Amino acid sequence: MMQIQNILRAGHVPRWQLCDTTRTQSIAEHMFNVALIARHMCAHIGINGDEMNEIVVQALTHDMDEVILGDMPTVTKQRLREAGIEPNGLIDCVETIITDPFAKQLVKIADLIEAAWWIDEHGIGRHAERVAEITRHRLFSMLNNAKVDKALTSAGMDAWERIKHGELLI
């Protein structure tokens, strides 16, 4: 289990270290945004009560490993996976490891929506544009994947469209 001091550091651990941005985003801000998107997706699908709360908590803690390890670029995570290492499991510090496949997909879609939106809004320069393009491609590839539940595809597309048009998700 992670110590409270490390959890509280999440607000000071930066993301997007390899991209120029108009401002710094912390791991805590990212996880909070992902939780709001996940909550919206749950409501869109009709998930509520304890199940929604569990998914929101999972979204609030999904990148807690990065408080210790720092933000890892996707390419690094891919290379670790190729080596048989799950990057989000490098530090077994969070009790809310996502085991339910549906919840895992929902949080991943919310994570990609948040990342694509944030780098679109705050990225500067050609590299940030490329990262935004890659992130959007990953998002839409996942949403169009036949293995992804159609309710998740619908909820993800709704959340993406609302965010792009500046609508509140709450």
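Residue 1 is the first one shown; counting continues down the chain.
Backbone N, Cα and C atoms are what each Cβ position is placed from, and that goes for glycine too.
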> For the Co(2+) 1 site that Swiss-Prot assigns to HIS30, HIS62, ASP63, which of ASP20, ASP50, ASP100, ASP111 is also named?
Replying inline: ASP111
> Across all chains shown, how many C-beta atoms besides its own are within 10 angstroms of the C-beta of ARG15 (dATP binding site)?
Replying inline: 21
> Among the binding-site residues HIS30, HIS62, ASP63, GLU66, ASP111, which ones place their C-alpha within 10 angstroms of the C-alpha of ARG15 (dATP binding site)?
Replying inline: HIS30, GLU66
> According to DSSP, does ASP111 (Co(2+) 1 binding site) fall in a helix, a strand, or coil?
Replying inline: helix
